[in-house]
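Here TrEMBL flags 77-97, 109-128, 140-157, 177-193, 198-217 as transmembrane segment. If you look up TrEMBL, you'll see 395-721 marked as domain 'PDEase'. Summarising the annotation, TrEMBL assigns active site, proton donor to HIS471. Residues annotated as Zn(2+) 1 binding site in TrEMBL: HIS475, HIS511, ASP512, ASP624. TrEMBL lists ASP512 with the feature Zn(2+) 2 binding site.
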Amino acid sequence: MKSSTRFDKNSTDPPLSKQASHSIYSILEYEEHQNPNLPINPNSLQYTEKGLNIKLRQFLYFDKNHISISKEFKNNLMVFYIFLSSYLIISFATWVLLYNQGYSNETHLIIRLVWLGIILIISYFLLYKIWKDPKASIHAEYIFLFIGLLILLYLVICDERVLSGITDEDYNRSNQSHVLAIACFFILIRLVTYEKFLILAILSFITLILLLILFLALSPLSVYATLSDFFILLVFLVLQIAETYQSEYRIKQLFWRKTKEEEALNPSKGSLEEDEVKKDNNLPPLNTEIEALVQACDKIKQYIKTASSAIMFKDVKLKLKAAQNELEKIKRTVAHNYIREKWKVDFGEDMDEIDKEFIRQHYMNSAAAHEARASVRKVTMNEINTNEKSSSIPFNESGLKELETIITSVGKNWNFDIWYLYQATGRSISILGPYLFQKWTFNKIFQIKDDTIRVFFEAVENAYINSNPFHNACHASDTLHSMLYFFNFGDILKSLSTLDALSSIIAAFGHDIANPGLTNSFLVSSKDKIALTYNDSSVLQNMHISKIYDILNENEKNILQNLSSDDWMKSRKLIIEMILETDIARHFELLGRFKARVENLGDLSFDNSEDKLSILSMALKSADLGWSAKSTELNERWGSLAMEEFYRQGDLENEKGLPITIFCDRKKSDIPRFHGVFLKVVCLPTYKIWCAFLKSEDLKTTLVNQVKKNLKYWEEKGKFRASLIISDPKIKEAIDNKMSLDLFTEEQFSSAAPDT
């Protein structure tokens with residue numbers, strides 16, 4: 001196989017015009033690999049992209065630095081002007097000698113010498129301009145069109161047959177014919193214009209028309225002699241035009257290929273597909289290794305694709321295509337998470353140290369991904385009948401009839417306020433759980449007694465530590481509501497089996513059961529019993545799962561007791577996987593895997609058991625963060641509860657002499673800063689990719705836009721706080737004395753806080 005010839009001004013490759021010659025073009029087998037879809041006008045042989053025409057002229061006429069004319073063009077000029085000078089000198093001498101010998105009259109001599117003088121002066125003046133100002137050579141085609149026109153007009157008009165007719169002088173047969181000179185100059189014009197087909201065609205047309213008209217009208221010779229000269233010249237010029245057309249087309253092919261090779265070897269910024277996706281909202285570029293690997297595969301594939309578009313050889317193209325296919329296999333292997341290694345997060349250069357530390361402390365605990373789970377049965381939620389009024393919850397007996405309308409909005413009204421239900425009843429899980437089981441007729445499908453359902457959900461609710469400001473039964477119920485909202489409006493529910501839906505409800509209600517209001521990192525560093533029990537690995541999540549099955553292990557509370565052994569195992573695996581993925585230390589691992597599948601492969605499917613686990617885990621993860629995308633009022637309320645829980649942990653860390661986790665120190669905490677980092681780095685990327693998967697503009701408006709509004713709210717609040725710190729000496733003194741800024745919140749901060 002012949003190697004592809006690359007074009008380089010410094011290389012020893014033949015010049016472009018030489019490579020376009022028939023012999024070299026055939027030897028290198030260029031014709032076999034021509035691009036049939038070359039972006040060119042077939043009539044004028046001009047690129048449809050104007051910039052390429054200019055680039056080609058620059059390449060042909062200039063050196064690589066565009067400072068002086070190219071070596072090849074210098075040689076072409078030398079050949080042209082040597083021939084032109086020789087012709088002018090010989091013609092001058094010939095006409096003088098013929099005049100002296102009496103073969104030419106004075107009038108003819110003067111006309112010829114004047115015209116030759118004009119050609120000499122103009123041609124050398126233009127040569128001087130090109131030599132003095134190399135940039136003028138960019139117009140060389142038009143310069144030599146003009147010079148060629150002058151010469152050819154001279155050769156036609158000053159031919160003895162025409163000139164004698166014009167001056168009405170006697171025709172002298174001893175004078176030289178100009179037909180041969182015309183042919184020679186056409187060859188030279190081809191050389192100096194780099195086979196410019198259009199220039200040759202224009203000059204040929206003018207020459208032939210003038211020659212035919214003037215010779216027939218003025219020549220004293222027979223018509224047959226005139227037509228003989230005309231047709232000989234016509235055939236010669238037609239052949240020249242045809243060959244020039246072919247040569248210029250080859251030059252255009254080769255230069256197009258050269259340009260594509262350069263783009264492949266030196267891709268300009270923004271020329272590849274991955275550069276089209278810009279980072280909006282100033283999101284920090286946090287990428288897991290899996291995303292980096294997948295993106296690297298895509299980048300290499302794009303480089304190969306770009307290079308392949310410029311290569312003529314079919315065997316090389318096939319090998320490059322095979323390389324692309326192999327890269328696609330590697331990408332899919334990585335994205336499908338068959339490679340199980342520890343995960344790292346790549347911080348962007350723009351993220352400051354405080355934000356990095358927050359992510360490290362809360363979202364970066366290494367944990368291996370879990371093995372793929374078995375598929376669940378294919379019976380979908382579409383196959384069961386639901387009725388909003390079918391619930392047998394005794395609202396009247398509980399005095400809650402007026403709450404029935406509110407409860408039916410669970411999973412439908414995104415800003416459903418769980419606190420309203422809790423404040424009215426003192427309960428949340430034990431009301432919503434039985435309602436959903438009867439709404440979806442799970443009691444009949446899975447043959448569960450109503451008392452068993454009631455007792456189970458009461459036990460789950462009672463296992464929550466409701467003295468926790470944030471991680472309590474209300475948070476679990478709010479998470480369940482958010483997940484159901486995704487199921488309903490993200491078109492997920494129809495793809496779930498009844499067992500999937502049952503397991504998802506249990507996972508959502510139980511994902512934070514018995515949470516002590518402390519983080520995994522605190523439990524591990526303080527050598528807490530929970531951490532010791534679960535070997536420092538996702539300790540809270542493992543504890544939550546264990547608590548759920550402790551409750552299910554009691555017969556009167558076991559809502560899964562009538563499942564087959566196979567279904568029980570499937571349900572357990574789904575619940576375990578979904579809850580384990582709520583570990584915030586594994587947030588970027590889950591997000592990275594999911595993002596790689598959605599953005600780079602786009603092949604997530606509920607028909608694949610592993611994919612279904614990934615989707616449902618992402619649904620629960622997104623629901624767990626749901627408070628961040630609620631109305632600003634709800635977001636601020638949940639946010640204040642989360643901060644209070646952080647402060648309590650900070651107090652414990654202080655008591656135990658442990659380093660206080662960032663944002664957990666009452667005396668140094670910056671609440672707007674916490675929310676800004678949390679919303680920008682954690683929540684916004686999560687909802688963007690989640691909405692991209694669900695392909696729902698309504699959800700995107702509900703989630704992404706609301707997170708942006710909340711982010712703007714906290715950023716404005718942060719700016720106001722910063723201005724107060726600078727302007728208020730009491731606050732500045734408090735910071736200097738390490739007092740809590742919360743003392744000033746109500747009196748000074750809130751008075752001028754931005755409206756929600």
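Cβ atoms are placed via backbone N, Cα and C, with glycine included.
TrEMBL does not curate its annotations; it predicts them automatically.
Ranking the recorded positions HIS471, HIS475, HIS511 by the number of CB atoms within 10 A of their own CB puts HIS511 at the top. The two recorded residues, ASP624 (Zn(2+) 1 binding site) and HIS471 (active site, proton donor), have Cα atoms 11 Å apart. For the pair formed by ASP512 (Zn(2+) 1 binding site) and the residue listed as 'active site, proton donor', distance between Cα atoms is given as 7 Å, rounded to the nearest Å. Long-range neighbours of the transmembrane segment (77-97) within the same chain, counting only residues 6 or more positions beyond its ends whose Cβ lies under 8 Å from a Cβ of the stretch, are 69, 104, 108-109, 112-113, 116, 119-120, 123-124, 127, 130, 144, 151, 176, 181, 184, 188, 191-192.
Within its own chain, the transmembrane segment (140-157) has Cβ neighbours under 8 Å at 57, 61, 73, 80, 84, 115-116, 118-119, 122-123, 126, 130, 163, 166, 178, 181-182, 185, 189, 192-193, 196, 199, 202-203, 206-207, 210-211, 214, counting only residues six or more beyond its boundaries.
Residues HIS475, HIS511, ASP512, ASP624 make up the record's Zn(2+) 1 site, and a Cβ search at 8 Å around their centroid adds HIS471, ALA476, THR479, ALA508, ASN515, THR582 from the same chain. Averaged across the domain 'PDEase' (395-721), pLDDT for the predicted model comes to 92. Annotated pair HIS471 (active site, proton donor) and HIS511 (Zn(2+) 1 binding site), C-alpha to C-alpha distance, rounded: 10 Å.
Secondary structure at HIS511 (Zn(2+) 1 binding site), taken from DSSP and collapsed to helix, strand or coil, is coil.
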